[in-house]
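> Structure provided below as structure tokens; questions to follow.
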């Protein structure tokens, strides 16, 4: 019954980022570079963490999962964007649109949970260093990652069910470069007030449910760091969590703006989506490698090993 609602509309037209062919060509080169660098950076992080035994700790276990998520997250939207930048007609089927909605929510939702888990990991390492091995056992780390995927999957199913039950009658143009519910709702000819309320509640519950643990973890971390007497000790403690804090600000800032602010079809909608779906996956490996001495040392060792191998 739900799919019959879409019989009048079989595909949507994506407005994209620009109608100017010259601008589209420049944007294609830009986002192709961003996507290739995202793939290279995150694959390098996965390779380095996998091959260097010194990085086989809970912190880097979570970081490797974050890199995998960034690979998936970027691949959900950017390849389609690249294809549309080279196409005159930017269309996507109803089924493809709903699939994109689902995978955006599952990857972004899992990343939000994972960032929350990583905050708890930093809390355990800085506030309870002597108990860190007990608090962050390998079994617990695996469970936390699986729980993150499970909760995000459940939320994604609920969100997609909101879209499946919508009627689409005449309007076909999505004023965006990808399928997102805030841009999809205005096209519906059915009553979407309940759907919008559920989406806002879901976003708030998901956002607060992942952000509050981050907030309380960092409140304890800051209190512990300020109690350290030596300046070098405070600096070292802060450096271990500064990369994660930057990643949290980039991801949550743009995500909450996109899903809690009214959809206007403005450049702010596009920029906030591009920030968390394309730019953040690119920046995460840079943030964690440039600000982390252990990762930089591991990269040098890994590159040195493979260079010697190919000589």
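Please read every residue number as a count from 1 along the shown chain.
Glycine is no exception: its Cβ is also placed from the backbone N, Cα and C atoms.
As annotated in TrEMBL:
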type	residues	note
TRANSMEM	25-48	transmembrane segment
DOMAIN	41-288	domain 'G-protein coupled receptors family 1 profile'
TRANSMEM	60-78	transmembrane segment
TRANSMEM	98-120	transmembrane segment
TRANSMEM	140-164	transmembrane segment
TRANSMEM	237-261	transmembrane segment
> State the non-local partners of the transmembrane segment (60-78) in its own chain: residues 6+ outside its ends, Cβ under 8 Å from one of its Cβ atoms.
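Counting only partners 6 or more residues beyond its ends, the transmembrane segment (60-78) has Cβ contacts under 8 Å with 31, 34-35, 38-39, 42-43, 45-46, 49-50, 100, 103-104, 107-108, 110-111, 114-115, 117-118, 121, 138, 141, 145, 177-178, 247, 273, 277-278, 280-282, 284-285, 288.
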> Could you tell me the mean pLDDT over the domain 'G-protein coupled receptors family 1 profile' (41-288), as a whole number?
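Taking every residue of the domain 'G-protein coupled receptors family 1 profile' (41-288) together, the mean pLDDT is 85.
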